[in-house]
Each structure stands twice: as C-alpha cells, then as structure tokens.
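According to TrEMBL, the features are:
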- 1-122: region 'Disordered' (REGION)
- 1-20: compositional bias 'Polar residues' (COMPBIAS)
- 69-79: compositional bias 'Basic and acidic residues' (COMPBIAS)
- 89-108: compositional bias 'Polar residues' (COMPBIAS)
- 123-234: coiled coil (COILED)
- 269-623: domain 'Kinesin motor' (DOMAIN)
- 360, 361, 362, 363, 364, 365, 366, 367: ATP binding site (BINDING)
C-alpha cells in the first residue's frame, strides 16, 4: 500500500456517510449529478535524515485540470448546468486552486424543498486530506526526531552494550579459566579423594589386622609378663648364684694366685734356661760337639764334648755336662721358649716383681731372643712383645672380676755405667740431665727419675711433662721397640758385626685396682737384653770400644757377685757397686721371680766364651 492510499484510508468519512445515508427525499427536482473527475493530489513525503526537513510536493495543475474536465462534461450533455441553491442561502466554496473565496448566488425560480446536503467536493476532501497529512507530517517529524533521539540513544546503548559485551566476554573468559582451573582442581581433589579412599580402605584393613595383632600381642604380653616374672625369679636366683660364684671365683683366684706363687717358689725364684743359637749355613764347618741328653718331660742337660791329646799322642774325649731348669736346642722356636716364660708374666699380673734377662757372649742371639728380628712376624716375635701381649690378655680376663689395670713402661739403656733414655730425641746427649733409679719400698717397684718420654697414641710424642709411657695397645709397644732399637748403642767388632755396647732394659709397671674388694696390686717386670761378654784379646777392641768392653765386663762381674751373695743368703748384698745391679735391686731379691736365659754359640771357635757363659749360668742356677 502506497503512502497516499494509506493516509487516505485514515481520512474521516463520517460526514460523507451522513449525507449519503440521509432519508430525506427531494420532490420534483433532482440535482443533476456532476461528474468531476478527481485527480488525486499526489503528495510525496520524503523522510529526511535526522535533523532535516520533510518536503511535501503538490501537483499545481490538479485544480485547473478539474475545471477543464467539468466543462467538457457539461458540453457533452448539451446544456449548462447550474447549481441549485438552497432556499435563499448562499454557498461558499474554496477555490481549489487559488485559495480565494467565490460567492455564487442562485435565484431559484421555483421554490423547492431544501436539497439534501451536498457531499463535500473532491477539493475539500483533498484539502482536508492535505491538512491531515500536514498534521501527520508534523507528527512524523516529531516521531522522526524522537526516533532519531532514540536511535542515538540506541547507538550509545549499543556501544555501551558492546563494551559491556566485551567486558562480559572477558569476564566469561576469566570465569572459563577459573572454571577450567576449578575443574582441574576438582579432578585433582577427586583423584586425591579417590586415593584417600583407597588408603582409608587399606588403613581400615590394616586397622583390622592391627586390631587382631593387638589382641594377639595382648595375649603374648600377658604370657610375657608371666614369663618375665618367672625370669625375674630366675634372675634373682642367678644373681644370687652369680654372687656366690663370684665369691667362689675370687676365692679360687686367691687360691690360684697362692698356688701359682708356691709352684714358682718350688721351682726357684731364680731360674736358668739355656738356648743354643741355630748355626748359619756359612758356619757349618765350625760347629762344636754339643749333645742334648734326652730326658722326660723336658730336657735339662747339655753336654760339651772336648778332645785332648796326651803326651803319648793319644786322643781322649772329655765330656762336660751342664744342668739347668731347661735346655733349648737350635730347633727350638720363640713360642716354645715363651711358654716357659709366661709363668713369670702371670706372677707379675698377680702383683709380684719379675725379671727376665738374656746373658751370653756377643753374637749368641740374645737380642733376637728378647726383641726378635727387625721385621718380626707372629712366629719370630721376641719375649718382650709376647710378654706385653700376654699381659693385655690377662688384664682383659680380670675385668670380669672388676679389676682395672694401668700399664706403664720405660725404655732405658746402661752405657758405660750411665743410664740413657732410649725414647728421648738424642739418648747420647743428656743435656746435663741425670737419670737415677728410684725404689719404692712400699710397692717394691722401681722407676727411673727424669726419664722424659712421651705418651703412646698414634705416634710417640716427646714432651718433658711426661715421665712414663702409657701402653694402650701392643702396637704402641712395637713402635717403641723400633725406636729403642734405633737409639741403642751398637758397634762392629771382630766377634760381631753389630755388637750391642750397652745393657737394654724395658721396665713395665702394672697397677691393678678392684673397687669391690678394695684391693690393689702393683707388679713390675724388667725385660733385659745384657750386652755380650767378650774377651778383649779376641775382640781386639780399641779406643771407645775398649772402654765399652771394660764397663760391660765389669757390670757383668758385679751381677755375678750379687747373684752369688743372694745364693748364700748373705746379710749384706751391695747392689750399689754397679748401676745395673742397683737398677735390678727389687727384681733380684725378695720374692721376685727371676729368669735367666743364657744364650750360647754353636761354634767351636767360641768354645771358651761358651764355657764361660755356661759356668756363670751354673753359678746362678745353684742359688735355688
């Protein structure tokens, strides 16, 4: 539908309908119908953009065209048509074209009843429509302005909504990320919850098992309590029994100690062993005729055979026998000898004094017997390391009887009747320090004053603040033996390429304390490697070696004299005649246990020295 038709449909038709539907009738007169072709006034309404004017266009030829069409219609009918006025009224019509008023007076010759009201003309209709359209245009302009305003507002709202939309989209994106994170967290939490549920199930099963075990343990605990009560009773019984055994053990220990001491006394406080050095391969052509008569259970005799020729030229063998506490042949090992020496070590642990010294000519094996070789093995260890190891073992065994022992030691040598400290930095230079023996009459032990030696730890430290050496293990003893061997005075002679020129003395002091018995034991052990006796004519010693030989032989002579007086129970024994005998005062007299190891050479060329050593050993052996 076009805009004109749409607006025409909106025109009011009440007036026209009132005229057409009027019931009044005109008698004897009828107004001729005048056909006026009406050309619709075309009005185009152009809606401007917001803010513009609405322009309406009207066809200016519409009125003139209407008049021409009316005149043509009248001419076709062949007569003039006049308008019939109402009674004396005057009809005024608005010119459709010029807009001026024109009055038409029609005099009626015949009086007719008033005609029905004439319907409005087409022009009026159009004018009325035009006015309506103008109003509508104004209304539309207002609506347009409102629409424009609404459009602007809508655009602003759209922009605002777009911004809001973007914000909402961004917020939705953030929310989406949060949702994803929350979902991931949810899945994680669900996984953990699932794991926890599984763990809960496992724990529930374990709880059930543990509950069962607890019940079992309760029963076992009750059984254990009963058992503990029984064990307590047994422990109390065992404790009492142990105390009884400890008492008996202590009694037996006292009895063992007394019996062992009695056995040693019966054997003699001074015992003599003889050992023959095994010959070297280079000495096979110079072997003496030594015989060892077989006796049971031990060999006590050794025979030295000599051949003499009388004035008639007859040869006669002369056999000289020597008898000692025990004789060890060349095949004897260090272990065999120490098995007999161990009894004296036991007496020292029991609280007695002991002395073991090796005597013999130079090159007879005294140092080997006492200290062992330079690089000893368990089979070739000497008497000194074996004695110390046995002391450690005995001390450990006595711990069960609550005995605590402390062992100390000193390494000295007597060189030209002068005491030297073998553990000092330079034993040959005393720097004015004099080492003197000090005898403790209460304990019956002897110490060397001013013998500044260090403490045995990982190494030996030389410090003037230490007088004794703490022997904490056999290894420290071996290190001390090496140091003392390096510091000992030796020299080469015609008889021995490495002859000891001093008497070496290793002094061990043992102190044992038993807190339960309130008892204390003090014992000492002197392990002595005497310098070798030698004939000056044979050794051809000169200078310092000659002086050393004189001192060695003199000290050995004084030792022989002291032992002879001890054998005769002399009321006065002059120990002070020699530093050696004065040092051994407590180890030779009284209840001391003395063992002399006389070492002899198997060579025929050393017969005179061998006989001299065996004669001295026989003299010592006769004291018990």
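For all residues, glycine too, the Cβ spot is worked out from N, Cα and C.
Here the features listed in TrEMBL are painted onto the structure.
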residue : record           : Cβ contacts under 8 Å, 6 or more apart
360     : ATP binding site : 366, 530, 532, 533, 598, 599, 600, 601, 613
364     : ATP binding site : 277, 532, 599, 600, 601, 606, 613
365     : ATP binding site : 275, 277, 599
